[in-house]
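Per TrEMBL, these features apply:
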TRANSMEM  A:6-30  transmembrane segment
TRANSMEM  A:37-60  transmembrane segment
TRANSMEM  A:72-93  transmembrane segment
TRANSMEM  A:105-122  transmembrane segment
DOMAIN    A:123-418  domain 'NADH:quinone oxidoreductase/Mrp antiporter transmembrane'
TRANSMEM  A:128-147  transmembrane segment
TRANSMEM  A:159-181  transmembrane segment
TRANSMEM  A:201-226  transmembrane segment
TRANSMEM  A:238-261  transmembrane segment
TRANSMEM  A:267-288  transmembrane segment
TRANSMEM  A:297-319  transmembrane segment
TRANSMEM  A:394-424  transmembrane segment
TRANSMEM  A:445-468  transmembrane segment
Amino acid sequence: MTDFSTHLLALAPLVILCATVVGVMLSIAVRRNHFTAATMTVVGLNAALLSLLGVLQITPIQVTPLFIIDDYSLLFGAIVLVASLACTTLAHAYLETLPDRREEFYILLLCSAGGALALIASRHFASLFIGLELLSVPLYGMVAYAYRDRISLEAGLKYMVLSGAASAFLLFGMALLYAASGTLEYAGLADTLANGSDSQSWLLVGVGMMVVALAFKLSLVPFHIWTPDVYEGAPGPVSAFLATVSKVAVFALLLRFFTLAPPASDGWLLTLMGVIAFASMMIGNLLALRQRNVKRLLGYSSIAHLGYLMTAIVAGGTFSIETVGIYLATYVATTLGAFGVVTLVSSPYSGTDAGALHHYRGLFWRRPYLAAVFTIMMLSLAGIPMTAGFLGKFYVIAIAVQSGLWSLVAGIVLGSAIGLYYYLRMMVILFLDEPGESRRDAVSGWGQQSGGIMVLLLAAAVIFFGIYPQPLIALVSATGMAGG
Amino acid sequence: MILCWLLFVPFIGGLLCWQLESRHAPSQAPRWIALLTMLLVVGLALWLWLTGDYSLAGGVVGDAPNWAHEIRLSWIDRFGISFHLALDGLSLIMIMLTGFLGVLAVVCSWQEITNRIGFFHLNLLWIIGGVVGVFLAVDLFLFFFFWEMMLVPMYFLIALWGHSGSKGNTRIGAAIKFFIYTQASGLLMLVSILGLVFAHYSQTGTFTFDYMVLRETPLTGTIAYVLMLGFFIAFAVKLPVVPLHGWLPDAHAQAPTAGSVDLAGILLKTAAYGMLRFAIPLFPEASAQFAPVAMALGLFGIYYGALLAFSQTDVKRLIACSSISHMGFVLIGIYSGTLLALQGVIVQMVAHAFSAAGLFIISGQIYERIHTRDMRQMGGLFGRMGALPGFALVFVMASLGMPGTGNFIGEFLILFGAFDTVPWVVVAASGGLVMAAIYSLVLMHRVYWGTPKSEASLGGLDPREYSMMLLLLVLTLWLGLFPNTVLDISHTAMTEVTDWFAVAPLPTS
């Protein structure tokens, strides 16, 4: 096999996704059909997922100076693809009655997923920037996809403006790093950092500005302001996508960047990250307490969860890759499940999503299994044993204890205690039954639809890995990140 | 294998109840299934008691303890976590108690709970399952797993079937308070467990959560003390020890009768069990160092609980506060570290479970008849409710520690056993008995004597209620007259705990 074809194989998932984008676009040009577009997307995503198995044979491999394909990028790539697949199934039921062009949604989704894959595998600032923009720009369109609904349009604009500002920070940070070190590769940067050049402070400022940009994408405090509004305004499947794919990709990049180019020469950056982590746990949970809208609540909860996960970045070391892998896998399953239920209750599209808490009142007595799924997801987000969320929390506390980060341990314990309040309140609403409030409901055959099956599978997975996590741990702990 | 059955039977039974409801609603079937399940648990526990030998000689410290039954399956290899269940005398007593109170909880909600029967029993049985798991687990991860898991069904029990109480206390508020208190303190325990595991890891290079291995970990003074505190706080919230008792009166007052019975009868005992099984053997020196503080807290709890009880107007809150007072004795007993006192702790726990369960069931029955738990609206019930006030009198007498009841034996053994090591604490604690007499008699007086509000009969006890009461009464008296039944089973296990304490230099002076 020639060098070129090996490299092409290594990029196969990305290539397949791009080919699918072109395919869907052409099919729309020929004849508009919602079902065809969705099917092509699902097939493309599955093919990309399968191709990962083939790529597994040749890892780790560096493809051009831009990408490194190793087990690490395959693991997170798989999470991204599975999450995209789940969002596609949800979107299909949701978009069915949208009074507009429905098919283009899948093009945007595929582009964004491709950007996520590129971002995860990047080892160079150029691919970082391209990946991040490819991930974000289609998201503007997706968030505002139900643009006749004012709140969706507003969310789209808000996301676009703030995201643009973040990109500017990112570029400026990169420029400073390049000016100070003369290289755009993470590994080269690490050498400069280690050699202690005289432009050390510029390097740190550059890294700091990049952290600001990434923290915005991860909605960490104090760059979290947009999160609840965008989550609330975006259509359900898009909120799910935003909360999973975008977060996973950016976090995977952040971890790779900090592992390859550890900036902790004098430690203040790590201290800053610790402060950001602690503030995210506290503020995310505290602000969630007073929410009356499920999607906003999940938005604030995601701020807190990313705060917990930042502990792994602050701790560093080999254990952090395992922690991040486990945490993101469980978090993605849980969040997809939660947004999945919200989407199913709001599907098919009929104006603003069913977000208010009272829409869910007594859901258990009308749709017992759907409500059971939601209950499981809430328990998992709260980190109660028997759910996968507990495994993630266990890992995060373990890494914090191992590294002796006692203030973050205190933050996690305190944050979880506060978080319980709103998760439990959300949960108990499903079981109350008091008449007099308007309700919305999933369609009666929800369990037979692809979205419904997906949600049930996720619930099964959350319970299974909560009780018997060994397979997941074995998979993730075998994942290594290739150097340079 | 039998341990697995003991553990899984309640979970399976619970799921059955739930499924039955959704198939043929509404029916009585879930009640019968739940009752059968609980009887099966009691049966299994009794069978274990009759066939096993729990009087093996106590090993020297550091030896493998004499588990009567043990099962160990690999679970999460990455961290050396195994599905490790084991049973000794201490666990057996607790499990018999759990099973028995589980039966009572099912029976006493026979008429109280009328909606969503299946889901109610699912929660009830899962609580029992979780508690059985706590009493059997000897892997710290597994222990924590069950410790947290049993909170969820308890939360539902209070939140969905509870009474919305007086003064704007809602049942959901009480349930959330209960959950947050216990879960947050549970996380502290998780942090301690992980601290212990990593301490072990740094010395040996292997991960393990096994109780038997971890208790050999040598720890330096400060670390051991901090880790011990993590465990102690988690258990202290559940017991409850006074500064951490805020959830208890609310949770008890708003919970349905079955929930109160489970809470007072079993959930509080998991805390004492945790101290005996984990906090002391894992950190003997630190515990010995901490003992004076713990006993002071216990002493304070005895008086504070009694005072709190005295000022309540809600029957269930009164009984709940009296539990705080009784658990103060348990705390003193545990940390005095003598065999006699520890044996007393066991008797006291069992006896308190019986008497508190009796009193809670009686308040539930009164509530069914006059729809209030406010004592100011009662009075003069004696003679209007058939045999019920008579039973109440017996349980109140038991609660104040009248000789002839199990509670007397428990308190007597605790005080007698602790006198050697901490005479002044015992002298002070004895005063608590007087307080107990006062609030118990106040309860009796306000509810059953005084001027009746009306002369109409409120209906006597039906056979179901009568047999429940009779059974509890017989057991209370049996425990008072033949405490050896229990003491023989727990002797070995308690000797071991004493040995752990003996290793540590006791700060007696």
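Cβ atoms are placed via backbone N, Cα and C, with glycine included.
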Cβ pairs under 8 Å between the transmembrane segment (A:201-226) and the transmembrane segment (A:105-122), at least three: no
Stretch contact, the transmembrane segment (A:72-93) with the transmembrane segment (A:128-147), Cβ-Cβ under 8 Å, 3+ pairs: no
Per Cβ pairs under 8 Å, the stretch of A:37-60, A:128-147, A:267-288 packing most closely against the transmembrane segment (A:297-319): A:267-288
Beyond the flanks of the transmembrane segment (A:37-60) by 6 or more, those residues with Cβ under 8 Å of it: 6, 9-10, 12-14, 16-17, 19-20, 23-24, 27-28, 68-71, 74, 77-78, 81-82, 84-85, 88-89, 91-92, 102-103, 106, 109-110, 113, 482
